[in-house]
């Protein structure tokens, strides 16, 4: 036996008290004990992961702020850009800009620090602002699709007036503010004890009643239906009919080749709109649905990292929208260039073509009262 066994009686129970040695403490022999291996490692605390997250969020913020600000600027500055469709696009840009400036910086900070250091006011405000902006964006995307469907499929010459468009925009914000209000009301800013004598400041949902999880699940599923499934169905239906109408339409006259090209460009843009909207939000919504169905998903080792990655993918739509609705349109391209050159006026890029079709309309109305011009005007933004 060793030295300890030699000094102790065989039938005597020896109680040995072991004192833990933390980092920086030495053993009786003056040695530093090895750091204990943690049972659960948060990947978002790794330096290389944090660098990637910072680059990703900063890129989204930069592209979103520049792109959305530019869209808003050209719609306000140039009179020829002040159309109903462009007002809706500018409203979409405002909502995305709200996410880029108010939500994403604090979301990044919360992810990197692991606790909420921004105080109780922002604890209630940031989630509400993000929910508000996302719902405004979704409603605006749906309104744009329905407006384009109304103009192109049904050849309606009398478009929505500017006054009505502002009313629709106001209703979109009002409805969204109401739908997002639970995110601000049922919120709690509190201290959470992770381990004894170690607390963190958290900003979490706090639903009323004994069955708190039920209320949260109902709201989450309702949001999924209202913000994703229903709008995606409406948008897909509208753009499918628009694409079919554009594909089957034949433009008579000398400018038919021009509108044949614009037809394919518009079809491509509309398909991109639906794909980006569906793909960017699908992972986050699917993951949230999995959490609602099975709460054990919260216990996943990399839950925080998975959620963050899906959130980044969803937020990519905030800078993709200006590209899809703005940069792929020739009028917006010219407006962007004029803004960079500090030009004070912007001539309509399709003015000559529009005049040609207006002249053709006068002749065609006399002959067969055809709807060609209403269709051609509807294809211009």
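Cβ coordinates are placed from backbone N, Cα and C, and glycine is handled just like the others.
Database features (Swiss-Prot):
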- 1-51: topological domain 'Extracellular' (TOPO_DOM)
- 1-37: region 'Disordered' (REGION)
- 11: N-linked glycosylation site (CARBOHYD)
- 52-72: transmembrane segment (TRANSMEM)
- 73-86: topological domain 'Cytoplasmic' (TOPO_DOM)
- 87-107: transmembrane segment (TRANSMEM)
- 108-124: topological domain 'Extracellular' (TOPO_DOM)
- 123-203: disulfide bond (DISULFID)
- 125-145: transmembrane segment (TRANSMEM)
- 146-165: topological domain 'Cytoplasmic' (TOPO_DOM)
- 166-186: transmembrane segment (TRANSMEM)
- 187-216: topological domain 'Extracellular' (TOPO_DOM)
- 217-237: transmembrane segment (TRANSMEM)
- 238-268: topological domain 'Cytoplasmic' (TOPO_DOM)
- 269-289: transmembrane segment (TRANSMEM)
- 290-304: topological domain 'Extracellular' (TOPO_DOM)
- 305-325: transmembrane segment (TRANSMEM)
- 326-381: topological domain 'Cytoplasmic' (TOPO_DOM)
- 342: S-palmitoyl cysteine (LIPID)
Long-range neighbours only, meaning 6 or more apart in sequence with Cβ under 8 Å: which ones does residue 123 (disulfide bond) have?
116, 187, 189, 203
By DSSP, how many residues in the topological domain 'Cytoplasmic' (146-165) are helix, how many strand, and how many coil?
12 helix, 0 strand, 8 coil
Go through 203, 342, the listed recorded positions, and name the one with the sparsest Cβ surroundings, counting other Cβ atoms within 10 Å.
342
Sequence-remote contacts (6 or more beyond its ends) of the transmembrane segment (125-145), Cβ cut-off under 8 Å?
85, 88-89, 91-92, 94-96, 98-99, 102-103, 106-107, 118, 168-169, 172-173, 175-177, 179-181, 183-184, 187, 203, 223, 226-228, 231, 234-235, 238-239, 273, 277, 317-318, 321, 325
According to DSSP, which kind of secondary structure is residue 203 (disulfide bond) found in, if we only use helix, strand and coil?
strand
Using DSSP, how many residues in the topological domain 'Extracellular' (108-124) fall into helix, strand and coil?
12 helix, 0 strand, 5 coil
With DSSP helix as H/G/I and strand as E/B, how many residues of the topological domain 'Cytoplasmic' (73-86) fall in helix, strand and coil?
11 helix, 0 strand, 3 coil
Would you list the DSSP helix, strand and coil counts for the residues of the topological domain 'Extracellular' (290-304)?
11 helix, 0 strand, 4 coil
Contact ranking winner - 87-107, 166-186, 217-237 against the transmembrane segment (52-72), Cβ under 8 Å:
87-107
